[in-house]
Amino acid sequence: MPRVILATRNQHKVNELRQILSAAIPGFQPDWLGSAQDFDTVEPVEDGVDFAENSLIKARQVVKDTGLPAIADDSGICVEIMGGAPGIFSARWSGAHGDDVGNRNLLLHQLADVPERNRGAYFMCAACLVMPDGREFVEIGKMTGHLSFAAAGDSGFGYDPIFIPTGYSVTNAELSPEEKNAISHRAKAFNALAKTLQAELL
């Protein structure tokens, strides 16, 4: 029986978060983390104005539908020369939600003539825990870097194949899961949330 539900139907996120929490919380068991795809939950409209609001919208819906504690994250890539876009619209940048290849290709096309020195970008993640009694906790993580000119790598998901983190010469998708989880925005946010998760759920 899961102790907390991750408000996502994205199995990549489930697997990644199980790895992150197993490393961050002593004694954490992967099967303690369920996901929205295991329950008959409603997919809410993510109409928040920032990552934190959207993460809370998702977690609140799962708590309402299951009666269990829920965690959620809302993440995206922010390109400096584009004023922080795609931002909260990252998952549906090309029009269809979850079209990773379409989203990457559109962003690369939009930046085709932008030189490397102006391709600065960062990932943002807002991670939250919502308890059935109404208490809510939010943490923020950030990963800086720049965008490549072409996709590379088979690991990761989303914009990972076109994002080169600061201090590296390869994309997120060319890093091992362990290497990525040591520096990623999602890992930073959930590591910050880990102490609260440990106190509330273990």
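Every residue gets a Cβ built from N, Cα and C, even glycine.
A quick note: this is a predicted structure, and the numbers were derived from the prediction, not measured.
Of all Cβ atoms in the protein chains displayed, 13 besides its own lie within 10 Å of the Cβ of HIS12 (substrate binding site). Residues or ranges marked as substrate binding site by TrEMBL: THR8, ARG9, ASN10, GLN11, HIS12, LYS13, SER75, PHE157, GLY158, TYR159, ASP160, LYS180, HIS185, ARG186.
Annotation comment: TrEMBL describes ASP74 as Mg(2+) binding site. ASP74 (Mg(2+) binding site) carries a strand DSSP state (E or B).
For ASP74 (Mg(2+) binding site), the count of additional Cβ atoms within 10 Å of its Cβ stands at 26 [all protein chains shown]. The active site, proton acceptor annotation in TrEMBL covers ASP74.
DSSP classifies GLY158 (substrate binding site) as coil under the three-state reduction.
Among THR8, ARG9, ASN10, GLN11, HIS12, LYS13, SER75, PHE157, GLY158, TYR159, ASP160, LYS180, HIS185, ARG186, the residues given in the record as binding substrate, the maximal Cα to Cα distance rounds to 21 Å.
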